[in-house]
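Colleague: For reference, the structure I am asking about is given below.
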């Protein structure tokens, strides 16, 4: 049986070195890798040209390399400026849409006005009827309280302010 690998034989061709010289490439082959490193896939030798230029992924004129067709109003602008303008336009549209949605939510209900028949005094009267158990007109005075050695009667309003004055810290 022939143990020769046809791929390996390709690299042993008499003209192989000459082809590398013509193409001006360097063949990088990994062997005897560190045990802690793993391969996801072995893609064989890499052929790299001898002369390489650094590829910068981001520059002010980054889109120049991509050669997007641009509108006349966009010509001469940097990638950053074009990006900001596109975001500003999108943000403006989003803002307008959200305002429209909020407007619709607020004003989507029935648009009508009602008039109070027989005068505006009906409004507080009807409110009073709905909450009258919570309103206390002419409440009884609180029981007599001792204040500074004498018995004094206070209205609720007077007592509230008097008790605050008694409990207020010095210098207040």
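Please read every residue number as a count from 1 along the shown chain.
Cβ atoms here come from the backbone N, Cα and C positions, even for glycine.
I grabbed these lines from Swiss-Prot:
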- 44, 45, 46, 47: FAD binding site (BINDING)
- 47, 103: substrate binding site (BINDING)
Colleague: Per DSSP, to which secondary structure element type does residue 103 (substrate binding site) belong, with helix, strand and coil as the options?
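Modeller: For residue 103 (substrate binding site) - judged by DSSP and reduced to three states - the answer is helix.
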Colleague: Across all the protein chains here, work out how many other Cβ atoms are within 10 Å of the Cβ of residue 103 (substrate binding site).
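Modeller: Excluding its own Cβ, residue 103 (substrate binding site) sees 10 Cβ atoms within 10 Å.
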